[in-house]
Amino acid sequence: MTYLRLFWEFFKTGLFAVGGGMATVPFLKNIGLATGWYSQTDLMNMLAVSESTPGPIGINMATYVGFTVAGIPGAVIATIGEVTPSIIVILIVAAMLTKFRNSKYVENAFYGLRPASSGLIGAACAGVVLQVLLRVTSTAVPDSLFMRFSWDGTVSWMGLALAAVLLVLTNWVKLTKKWHPIVFIGLSAAVGVVFRFGGV
Amino acid sequence: MNEYLDLFGTFAKVGVMTFGGGYAMLPILQREVVEHKGWATEEELMDYFAIGQCTPGVIAVNTATFIGQKHRGWLGGIVATLGVVFPSLVIISILAGLITNFSHLAWVQNAFAGIQVCVCVLIFNAVLKLLKKSVVDKRTAAIFLIVMAGSLFLHISPVWFVVVSAVAGILLKNLEERAAK
């Protein structure tokens, strides 16, 4: 039953996440909330590993989440679930390539889809910033439409400082902004170990 | 049969060499698929890549399916896709197993706490990059803000935001054309 659910959840992710690997994050967050298979912190760790290993991020994420839920069979099923809609959609599009490219409807739909996809990733971003830096956790409330936010009264000052440095290095310093994300992930891991970011 | 093996092998190679997002894949595809194998022209590759970006799913998979089906029909599309995801399956399964075994260690927990801060910044940068391409006027800015607030504060599947905004895009553009006439 878990396998079937896993396939279905990732099938939906593959069908509705538009704009590459990062666009799958809000969907994965939603799967975690709805099923309780993994926490938001687990998801962030999976995202970090997916960015630091070979292979497309979206596929790495699907494999990792699937593995976390149900071992190697889970990894295979989640990945196949995520690529199945792609294969179907692309085979259809390929069959009517010129029609697709010149379609007004497709173009107009994407006019609305693109900012929505950015908005979903923006919300995922706000969620992780709240949780990691400001220690505000959001949880789904059963039978309610709204998320519940709770704050333990502390702020991660060291985290904020590291985030500020990384923001500058990845956006404004000419030498470092072309570096691959894995370099910054490695640096952050080292800083985390030296300054005991986990508090242990 | 050999043709399919060749497709699988070539795309597995592309999968291993793609480090990061779909955009990192383009130069590798150019070398392997256009220059070495001649399965598509440079122009075709650019077309596939552009369509791969705006159709649902992972860009790398969409592009692989496209090239595979052009070379060997629908079965070729499936084989190329299986090839591009194969290295991820192997590498991540091994790593995930290892990490699960070591996650109780203090330094591993501290390292991941540091990495989480980096993930915040990486996602933030991804949003900035996407904003430049997707928010082109006041209406797209409104869609962005509404979806972002809705997704943050409400417990609804992202599927609804995607479906409703696609319909909104078509309606808004239709209204605009009617107003122009």
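Yeah, the Cβs are placed from backbone N, Cα and C, and that goes for glycine too.
Taking Cβ pairs closer than 8 Å, the transmembrane segment (A:64-97) reaches residues 2-3, 6-11, 13-15, 24, 28, 31, 37-38, 42-43, 46, 49-50, 58 in its own chain, all 6 or more past its ends. If you look up TrEMBL, you'll see A:64-97 (among others) marked as transmembrane segment.
Below 8 angstroms of C-beta separation, residues 17-19, 22-23, 25-26, 29, 40-41, 44, 149, 151, 155-156, 159-160, 163 of the same chain, each at least six residues beyond the ends of the transmembrane segment (A:109-134), sit close to that stretch. Taken from TrEMBL, the feature transmembrane segment covers A:109-134 (among others).
Feature annotation from TrEMBL assigns transmembrane segment to A:154-172 (among others). Residues 132-135, 179, 184, 188, 191, 195, 197 of the same chain lie 6+ residues outside the transmembrane segment (A:154-172) yet bring a C-beta within less than 8 angstroms of a C-beta in it.
Listed by sequence, the residues of this chain that lie at least six past the ends of the transmembrane segment (A:179-198) yet keep a Cβ under 8 A from its Cβ atoms are 48, 51-52, 156, 158-159, 162, 166, 169-170. According to TrEMBL, the feature transmembrane segment maps to A:179-198 (among others).
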